[in-house]
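Below is one structure, written out as structure tokens; the observations come after it.
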Amino acid sequence: MTQHIIDIMELSKVYNGQTVLQIPALQIRQGDCIGLVGNNGAGKTTLFSILLDLIPVTTGSVLHQGLNASGSDEWKSWTTAFLDESFLIGYLTPEEFLHFIAEVRHVEHTQVDLLLEKYQDFFQGEVLNRGTYIRDLSKGNQKKVGIISTLIGDPTVIIWDEPFANLDPSTQIRLKHIIKDLTATGEKTMLISSHDLSHTVDVSSRIIALERGRVVKDMAKSDETLPELQQFFTV
Amino acid sequence: MFVKFLALEWKSLFRSANVGHSILIKTLLAFFALLFAIGLLAIGHSMYDILDESSDHLFPMQQVNRYLLVWFLSELGLRFFMQQLPILNIKPFLIQRISRDTLTHYLLSKSLFTFYNLLAPLLFIPFAIACWSIGDYSGLQILGWLVAVIGTSLSLHFFNFSIQQSLSAHWRLASIIVLVVAILILLDYLHVLSVSDQIAAFYELVLLHPSLAVLPILLIVVSYLLIYRSLRHQLYLEGRAHSRKNSTKTDDIRWIDQLGRYAPVIRLDLKLLWRNKRTKSLLTTAFFGLLYGLLFYNNSSSSSQGMLVFVGIFMTGLFTLNFGQFVPAWDSSYYSIIHTQRINIQDYLGAKSILLYISIIFGMILTIPYVYFGKEILMINLSTAVYNLGVNVPIILYFGTYNKKRVDLEKSQFFNYQGMGAAQWIMMLPALLIPVILWSIVQAFTTFETTCLIFVVLGMIGLCFRNVWLRIIARRYHARKYAMLEGFKQVGE
């Protein structure tokens, strides 16, 4: 087990002369469940967008299993992400959307149905089989659709930006169970950003804290992690 | 309060993401409006003389009265399709200490400042002045008549909003109304029950008793109250949100699977077309565009062959022009998916081109009945359709890559320039003009049949090199990926 799932090298991102992200080196290993924490403007979403090659880097590069993110499309077969509503198609119903994703990922329709059955509780009977377009769903329900859509096709790398935000308490707890299930075997790598420190510490195996675009903490989870983070973010 | 709202509007114009663009378009529209206004003014001015000569026993005023119904109907039609109730983002105001009445009054009074309300005054004031200065009628009579006509026009302004609201909610009602109006027009035409005579008689009466001009003013009040009450009633967020929620049955259009790797994107595009306001109005435009030929084929004296080629390109390619120029901007609200999922850009483009091919072939089939106007016209339409398939589709898809403005799917297309960039205007020229010029040049040297053949061959060559130009355009997509992703994120005008 030597190869890194994601390799960040000499990465920097500059907007209008202002450096918003500066990461000399960061390796993400298979089985990592990374909780990314940081205040607004720390660069969490920017980092995820760069990992997905949605915004260009100023310097440096991102490698997915040795493949350059901007140079190849291969990594898209094992990586999925849900960052914001631009990852949803508003005029489709949730089922149509999930089937669309399955089609472009070359996944059988029956697998989607199995997946939906498995995560039936997660939707709480509010989303599926209603004939409602995604654009008419509430923010929380849209997020549920987005999260489930990233599980299609058995990806090994999953990236979620603020998955807990907008979700009701029960769904937050269900989501935590889902994350723990997914990472239990150690095959899947997850990257999750959140403002909720206790949720993040609860589910992740490794915590990375960003501040003004720099990695200020990178540690394996232990019992002291939560107090330490609370200490760190107390002003 | 009104002043504060106006100040907000002003800020929203100048602080929007692309100020220059929206101001440019507003200036351009203002320029066209000015041209149109001058034209109307000139017509109004000379109308008296023209009508005076055309009839011996009727005053020009009487002739105008006979056609007032036609004017009002067309004004209503124009308003119905073009004019929209101004939009005010009410959410932040609802919880403030601003009464709902104030908001509604503001919305409605703001709506008055529109070009459509100038049409009637521009035409009829000069005409009325002419009638008065010649001495057909006294000043008071003319004044009463003017108030009555402009008053009717203004009441149409408010009635139109009520009509739009009730029709968009109940489309069955719409078809009934259209039927009733059609029957009335027929009766009028057959002189069974002449509505236009009734209308004319009323305005004649106004000329006799100017005090009757009060009636149209009452009509304004009624129409205002009507729309005011329904708007005031709807000024709750929930009301709007609920009426929008419509349930559909999940439809997977299985037969498209035949198209293999293109299937997912084409299926998505078909849903895009059916389920969004803007694309729906685009389909309507494409359909009515097919009737364009009727305007030209009837008076064969005025139409040169170049014109017929233009009509052919336009009729079979209208959908391609309208839809193709916004590829990939149609997908702007979810463009991240296109780039994070395993969608090969070349396949994506291939799927889009197939959709355009289908539309052109549909247009080609539907224009076949025009053979009634001559075999020549059929041949021109067929060869321009093939030219569209092979040459215009790549040109339009290529120019589409210059577009990095988000398209708001929920707005109607009519007079909607949102998402329109300079490239879209420039693109129209090569797509529409090159074939016309080319045709004229080729035709100067050879026969009509050979010219048709050359156009078909050009289209075929374009189709044969399909993979080449798909690859070239896909390369453009990669080069402009980040610019597009960023541009598509910018919400707003």
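Each residue, glycine too, has its Cβ placed from N, Cα and C.
Since we're looking at a predicted model, the values are computed, not measured.
The feature transmembrane segment is assigned by TrEMBL to B:23-48 (among others). Under 8 Å from some Cβ of the transmembrane segment (B:23-48) lie the Cβ atoms of residues 13, 60, 64, 115, 118-119, 122-127, 130-131, 134, 417, 420, all in the same chain and six or more residues away from its ends.
Among residues of the same chain six or more beyond the transmembrane segment (B:111-135), those with a C-beta under 8 A of the stretch's C-beta atoms are 33, 37, 40-41, 43-45, 47-49, 59-61, 64, 71, 75, 78-79, 82-83, 85-86, 142, 145-146, 149-150, 153-154, 157, 161. Taken from TrEMBL, the feature transmembrane segment applies to B:111-135 (among others).
The transmembrane segment annotation in TrEMBL covers B:141-161 (among others).
Sequence-remote contacts of a segment are chain residues at least 6 beyond its ends whose Cβ falls under 8 Å from one of its Cβ atoms, and for the transmembrane segment (B:173-193) they are 166-167. What TrEMBL records for B:173-193 (among others) is transmembrane segment.
As annotated by TrEMBL, transmembrane segment applies to B:205-227 (among others). Counting residues 6+ beyond its ends, the transmembrane segment (B:205-227) has Cβ neighbours under 8 Å at 61, 108, 137, 140-141, 143-145, 147-149, 151-152, 154-159, 161-162, 165 in the same chain.
Among residues of the same chain six or more beyond the transmembrane segment (B:281-300), those with a C-beta under 8 A of the stretch's C-beta atoms are 273, 307-308, 311, 314-315, 318-319, 322-323, 359, 363, 366-367, 370, 373-374, 377, 412-414. What TrEMBL lists as transmembrane segment is B:281-300 (among others).
Look at TrEMBL and you will find B:306-327 (among others) tagged as transmembrane segment.
If you look up TrEMBL, you'll see B:348-372 (among others) marked as transmembrane segment. Among residues of the same chain six or more beyond the transmembrane segment (B:348-372), those with a C-beta under 8 A of the stretch's C-beta atoms are 259, 262, 264-266, 269-270, 286, 290, 293, 297, 312, 315-320, 323-324, 327-328, 338, 378, 381-382, 385, 388-389, 393-394, 396-397, 466, 470, 473-474, 477.
Within the chain carrying the transmembrane segment (B:378-401), a Cβ under 8 angstroms from the stretch's Cβ atoms is held by residues 305, 308-309, 312-313, 315-317, 320-321, 324-329, 349, 352-353, 356-357, 360-361, 363-364, 367-368, 370-371, 423-424, 426-427, 430-431, 435, 448-449, 451-453, 455-456, 458-463, 469, 472-473, 476-477, 480, 484, all 6 or more beyond its ends. Residues or ranges marked as transmembrane segment in TrEMBL: B:378-401 (among others).
Summarising the annotation, TrEMBL assigns transmembrane segment to B:422-441 (among others).
If you look up TrEMBL, you'll see B:453-474 (among others) marked as transmembrane segment.
Same-chain neighbours of the transmembrane segment (B:453-474): 345-346, 349-350, 353, 382-384, 386-391, 393-394, 397-398, 401, 435, 439, 442, 446, counting only residues six or more beyond its ends whose CB sits under 8 Å from a CB of the stretch.
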